[in-house]
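Notes follow the structure.
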Amino acid sequence: MTELTHINQNGEANMVDVSGKQDTVREARAEAFIGMNAETLQMIMSGNHHKGDVFATARIAGIQAAKRTWELIPLCHPLLLSKVEVNLTALPESNQVRIESLCKLTGKTGVEMEALTAASVAALTIYDMCKAVQKDMVISQVRLLEKCGGKSGHFVAA
């Protein structure tokens, strides 16, 4: 089993030293879903929400969140992301919105946390914008879909 890299020999939280690593291209994709009533989803899809374009706002929030992951998660490194993409898809057959994020850089550490943060914050933003009409929306299935680059190699979720 692989060791926990953020815990030092004394069992204390520790930021990993990546200074000796080579720069490589790293990429990660993540997803999240938010479920809601059909009426709430229809309001989003029709553009009739009084707060404006829900998807555009969630997309920008996800991008901003990816860039600030290091400020939210204590042991994440500040990263110079070269690409952040957040795509939102309405799924009327299941009354959900699927959010998929992509983060990319050339650097010494991976971008999994940035991709997960982007998808999560985009979902939270949808919740925030729609909570006035529905409070029981459910954010679910936040997960890493794929990562490549770095010493741990290529990962694809089952």
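Count begins at 1; order follows the chain as displayed.
Using the three backbone atoms N, Cα and C, a Cβ is placed for every residue, glycine included.
Cys76 (substrate binding site) carries neither a helix nor a strand DSSP state and counts as coil. Feature annotation from Swiss-Prot assigns substrate binding site to Leu75, Cys76, His77, Met113, Glu114; the stated evidence is sequence analysis.
Annotation for Asp128 (active site): no same-chain Cβ neighbours under 8 Å separated by at least 6 residues are found. Swiss-Prot lists Asp128 with the feature active site.
Across the residues annotated as binding substrate (Leu75, Cys76, His77, Met113, Glu114), the widest Cα-Cα separation comes to 12 Å. Within 8 Å of the centroid defined by the CB atoms of Leu75, Cys76, His77, Met113, Glu114, the record's substrate site, lie the Cβ atoms of Thr69, Trp70, Ile73, Leu79, Thr109, excluding the listed residues themselves. The Cβ neighbour count for His77 (substrate binding site), using a 10 Å radius and every protein chain shown, is 15. Classification of Met113 (substrate binding site) by DSSP places it within a helix. Every protein chain considered, the tally of other Cβ atoms within 10 Å of the Cβ of Met113 (substrate binding site) stands at 22.
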